[in-house]
Amino acid sequence: LTGVLDDCLCDIESIDDFNTFKIFPKIQKLQERDYFRYYKVNLKRPCPFWADDGHCSIKDCHVEPCPESKIPVGIKAGSSNKYSKAANNSKELEDCEQANKLGAVNSTLSNQSKEAFIDWARYDDSQDHFCELDDERSPDAQYVDLLLNPERYTGYKGPSAWRVWNSIYEENCFKPRSVYRPLNPLAPSRGGDDGESFYRWLEGLCLEKRVFYKLISGLHASINLHLCANYLLEETWGKPRWGPNVKEFTRRFDPAETKGEGPRRLKNLYFLYLIELRALSKVAPYFERAVVDLYTGNGHEDAESKALLLDIFRDTKSFHMHFDEKSMFAGDKKGAKSLKEEFRLHFKNISRIMDCVGCDKCRLWGKLQTQGLGTALKILFSEKEIQSLPENSPSKGFQLTRQEIVALVNAFGRLSTSIKELQNFKVLLQQTR
């Protein structure tokens, strides 16, 4: 996998070097800090598009919520300042430990975090939200510690998982029904067509619609890479061992196994990385203002988190082959505005499809990465508003909530990890030959 990417002037080798030596170590560190490790999510929302076929029956996808008394008061959005002593009841602790298995979402938090959440809730309430973020005020929304719930292979696959991706591609990628994307098991038999008619169709689209498809394909490739890199290799005496699965990687990405499709998917991963990298470089002025604080209640840690974030922004600005988003929506104003709105609505629809994912852990990371990409697009479409931000007061023109910031950083962190894991698989493949 080498050379220049389509629709931009950047080559894969430059991204590999930049990510490995500059971005990856810093973004890993940033994701471990309190501000970025807790994400509020509602995993109980019903699927809005088809009759829910229930959560997948694999035990590793199932989530048993911890008893009410075990959940720190901060998760309950400050509705009560009392913290029940019953949380220390050994039976309840046992129940929690039982729930915290492979694939389960561990929604427990340390006691010392609970006060910070009360402060976060107050702080978020005082912000002038740019748009209504779904879920956040729902009684079903809960804070999840992302470090305790790493994205990895849970065994969720088959028709249920394919239906989610099929709905995303077939109904939201500006695609006519008569053109089938390659290697889609839900598509009718195509005879000898190896997918080339799909790519002829794609090349005939305007840049914006091509970009949309590549973003979704890149996100799909990135998620598949995470599953291959963090695979359940064996489980002895109840102790799981996770690691890279070369056979699974080959099945999903090798040109021979995928009729040449795998490398195209991986190129779209690099393209998505470039888009989110560009968004980070563009949003830097928003965070450089003194009025923006990564607030957790711990002044020293907050200052360190902000310094590390600004350091990452400096690196993103130093990258010399950014995607030029000015080439998008550059036609006549009326047509461009209409296309941009269509683009936004299609993407919004995809974020809603994430509520149809049957595995809770997959749903958690699907929602977070979709919201992160949505936030990146919002940034790229708001350049003028960001440039005219007041230095010492919140702006009504452009605002990011804590949820959007956490999603943006973690979603880019996942892409950075994907590209790093891809280097690892290249080495492993050479060793097995």
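Yeah, the Cβs are placed from backbone N, Cα and C, and that goes for glycine too.
According to TrEMBL, the feature disulfide bond maps to Cys56-Cys61 (among others).
Residues or ranges marked as FAD binding site in TrEMBL: Arg152, Thr154, Trp165, Ser217, His220, Arg252. Annotation for Trp165 (FAD binding site): same-chain Cβ neighbours under 8 Å, separated by at least 6 residues, are His220.
Taken from TrEMBL, the feature disulfide bond covers Cys359-Cys362 (among others). Neighbour density for Cys362 (disulfide bond): within 10 A of its CB lie 24 other CB atoms from the protein chains shown.
Cβ neighbour count for Cys359 (disulfide bond) (all protein chains, 10 Å cutoff from its Cβ): 24. Sequence annotations record features per position, and here TrEMBL assigns active site, nucleophile to Cys359.
According to TrEMBL, the feature active site maps to Cys362.
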* Are there residues of the same chain, six or more positions away from Ser217 (FAD binding site), whose CB falls under 8 angstroms from its CB, and which are they? -> Arg264, Arg265, Asn268
* Relative to the Cα of Cys359 (disulfide bond), which of the binding-site residues Arg152, Thr154, Arg252 has the closest Cα? -> Thr154
* Asked: To the nearest whole angstrom, what is the C-alpha distance linking Cys362 (disulfide bond) and Thr154 (FAD binding site)?
  -> 8
* **His220 (FAD binding site): tally of other CB atoms within 10 A of its CB** => 17
* Asked: Can you count the other CB atoms that lie within 10 A of the CB of Arg152 (FAD binding site)?
  -> 20
* Structure fact -> Cβ density check for Thr154 (FAD binding site), other Cβ within 10 Å (all protein chains) comes to 21
* Structure fact -> For Arg252 (FAD binding site), the nonlocal same-chain Cβ neighbours (under 8 Å, six or more residues apart) come out as Asn224, Cys228, Thr258, Gly262
